[in-house]
């Protein structure tokens, strides 16, 4: 039986920290679905289609990653995709409390859905898409934190 995992997030935009998590997940699971949430309440900078396209290009070198957009409840999406593992990145202790709430709710909605928490490599443990966008808005150099295609797209958006 194939081990299918979902790595959900807004990915607005996908960062090297996200890539670190998804790359390591590909070594643990047979198939990893990078599930990009529509998240209209977060007012993303990039459209869902743009975020999917950016993530597809950034993960093209990973053979067992599928990138899809979604707007459904995570438990329903996981059930539809026949995945019973959720991958979540934990950067700091502050992330854990929120992630624990999500994990418990997801398990309530789909009892066989397990949450697996991965800590990013030290190099990426302090970055977030929001922080990268904020630094870029103020002309800070964020090249190191983004895949090349994503960096170019961010610079184009900020023009």
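Every residue gets a Cβ built from N, Cα and C, even glycine.
Noted in Swiss-Prot for the protein shown:
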BINDING   10, 42, 74, 88  substrate binding site
BINDING   10, 11, 18, 89, 90, 91, 99, 124, 125, 126, 127, 128, 129, 130  ATP binding site
SITE      18  site 'Transition state stabilizer'
Reduce the DSSP letter at residue 18 (ATP binding site) to three states and note it down.
helix
Listed in sequence order, residues with CB under 8 A of residue 88 (substrate binding site) and six or more positions away
7, 8, 99, 102, 103, 115, 116, 117, 118
Quick one: largest C-alpha distance among 10, 42, 74, 88, binding substrate per the record, in angstrom?
18
Across all protein chains shown, the binding-site residues 18, 42 give the max Cβ-within-10 Å count at 18
Which ones, of the binding-site residues 90, 127, 129, have a Cα no more than 10 Å from the Cα of residue 10 (substrate binding site)?
129
Please list, in sequence order, the residues in the chain of residue 74 (substrate binding site) that are at least six apart in sequence and whose C-beta is under 8 Å away from its C-beta.
6, 8, 35, 86, 102, 106
Rounded to a whole angstrom, what is the C-alpha distance between residue 129 (ATP binding site) and residue 42 (substrate binding site)?
12
Rounded to the nearest Å - Cα separation of residue 90 (ATP binding site) and residue 42 (substrate binding site):
20
Between residue 127 (ATP binding site) and residue 42 (substrate binding site), how many Å separate their Cα atoms?
18
Rounded to a whole number, how many Å is the Cα of residue 18 (ATP binding site) away from the Cα of residue 42 (substrate binding site)?
18
Can you name the residues of this chain that are 6 or more positions from residue 125 (ATP binding site) yet have a C-beta less than 8 Å from its C-beta?
17, 91, 92, 119
Should residue 99 (ATP binding site) be counted as helix, strand, or coil on the basis of DSSP?
helix
